[in-house]
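According to TrEMBL:
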type     : residues : note
DOMAIN   : 22-486   : domain 'Amino acid permease/ SLC12A'
TRANSMEM : 23-44    : transmembrane segment
TRANSMEM : 51-68    : transmembrane segment
TRANSMEM : 103-125  : transmembrane segment
TRANSMEM : 131-153  : transmembrane segment
TRANSMEM : 165-187  : transmembrane segment
TRANSMEM : 249-268  : transmembrane segment
TRANSMEM : 304-324  : transmembrane segment
TRANSMEM : 349-366  : transmembrane segment
TRANSMEM : 378-399  : transmembrane segment
TRANSMEM : 419-439  : transmembrane segment
TRANSMEM : 459-478  : transmembrane segment
Amino acid sequence: MITLGDWGTGDTELDRSMKPRHLQMIAIGGSIGAGFFVGSGSALTKGGPGSVLICFLIAGVMIFNVVYALGELAVLYPVSGGFYTYSIRFLDPSWGFAMGWNYVFQWVIVLPLELTVCSFTIQYWNKDISVAVWITIFWLFIIFINVFGTLGFAEEEFISSTFKLFATVIFMVVALILICGGGPEGGKYDEYWGNRLWSDPGAFQNGFRGFCSVFVTAAFAFSGTELVGLAAAESANPAKSLPGAIKQVFWRITLFYVLGLTFVGLLVSSTDERLLNSANPYADGVSPFVLAPLDAHLYGYDSFMNVVILVSVVSIGVSCVYGGSRTLTALAQQGYAPKIFTYIDRSGRPLPSVVFNLAFGGLAYVRMASSGGVVFDWLLSLSGLAALFTWGSICAAHIRFRAAWKAQGHTLDEIPFQAIGGVAGSWLGLFLIAISLIAQLFVAICPPGGGFASAEDFFKAYLALPVVLFFWACGYLWKRKGFLKLSEIDLDAGRREVDWDEINAYRAKVAAWPKWRRWASTIF
């Protein structure tokens, strides 16, 4: 039963039922979805396996520094709204307004996309049932999960992430066997396969244009990684549980993205017309994770991998509602959104914000109209660069936090969890994000395959930039606040008290370890 909650400016807290195991699985498997399983096919087609490997490594370095910067801030300030509030606190309230609404906008647009991908994924087995039926079923499932609030999201993410990671590990083992020629007799990989695809058709496709397009795809594939920082506000003890979760990001980048996609590049040709965005305009857009077992004649395993993709996409759909609703609630609590969205019921659920985000799932039906594809493409273009702006703001906020921390007389020893790369890591992350934006601009003008893009295609690729600038201008006109000086930054409000006796005891214990073990403790 829904009981009376509270309306206010942030004093009412969200449900804090999220446990360390939830945070760890959100960190290691939360954003593994369509970008990894399906988007990798597009990347392979445009740039080849060499570009996929290099670009995902570079994007991995970028997100590694972003997440550690976020972890340092989230342990000290595990506030509702997470990273968007760090822009308000450490950068510019107007920019924070823009980042908050940009993040909400990103998720409300991605939700109908994920519902559409779900419906097309299930058509791998049956194309007779209308797409609208599957959209409705998956939309109702996401609504059902959100009835249970934070705990529902946390348990769903824990189960789905465990399943995704388990399935990905199995795929890599199977892929290694296939590469060595251990596939079923009569299949494509019944003799030693090796790295022949790196020679023919080659490791790289479409030259520098192809490389840049893969870099953009790689950056977008990591979207959702920042959710672990948002979830910190709903855990009982962020100072204890969040650092361990942040460290899991290293393993996701290394083992799952880089190693998994390396195997895919060895098994599936970049010229395969069945891949998404291949030269064949009628291609179904089959995932390379499905094509490899299909070509190997591992009957049934291709369907299993399609189930994995389906679970992953549904999981991201649930995350859309979680991320968008929590950010919208935080915006309202700070006076940047209508007051109705400050409401949190006694169970810790921000109901109006959840309903608002869920309602946008109905846009998935637009895709079915005769001109629905065009409308849908334009909607997606509005949020195309949202993740990059969010990550850049996290790095910039961390840099400014460290500067204010030093200027106001604090030392690094007073920070309970420190980013491995420190300020230099955030500068590196910010630099790579800028490179990603430049690469997107280049691809928007000069797409893979030669020639120049039309004005329509250019704006589809870069429309998110004027949208962010519009939000920034609105924030400034509303609040009339600009860039903060170091002396104006409030380092105390909302700072979580930590158990320094426990932290100092742990630091002393680590200091006594051998050098190799101290290094290992930073990533385990």
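Including glycine, each Cβ sits where the backbone N, Cα and C put it.
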At least three Cβ pairs under 8 Å linking the transmembrane segment (304-324) and the transmembrane segment (131-153), pairs spaced 6 or more in sequence?
yes
When counting C-beta pairs under 8 angstroms to the transmembrane segment (165-187), the leading stretch of 103-125, 249-268, 419-439 is 249-268
Counting Cβ pairs closer than 8 Å to the transmembrane segment (419-439), the top stretch among 51-68, 131-153, 249-268 is 51-68
Tertiary contacts of the transmembrane segment (131-153), defined by C-beta under 8 angstroms and 6+ residue spacing from its ends, are 14-18, 111, 115-116, 118-120, 122-123, 234, 314, 317-319, 321-322, 347-349, 354, 358, 361-362, 364-365, 367-368
Within the same chain, the residues 6 or more beyond the ends of the transmembrane segment (51-68) and with Cβ under 8 Å of it are 27, 40, 43-44, 203-205, 210-211, 214-215, 217-219, 221-222, 225-226, 228-229, 246, 249-250, 253-254, 257-258, 261-262, 264-265, 391, 394-395, 419-421, 425-426, 428-429, 432-433, 436
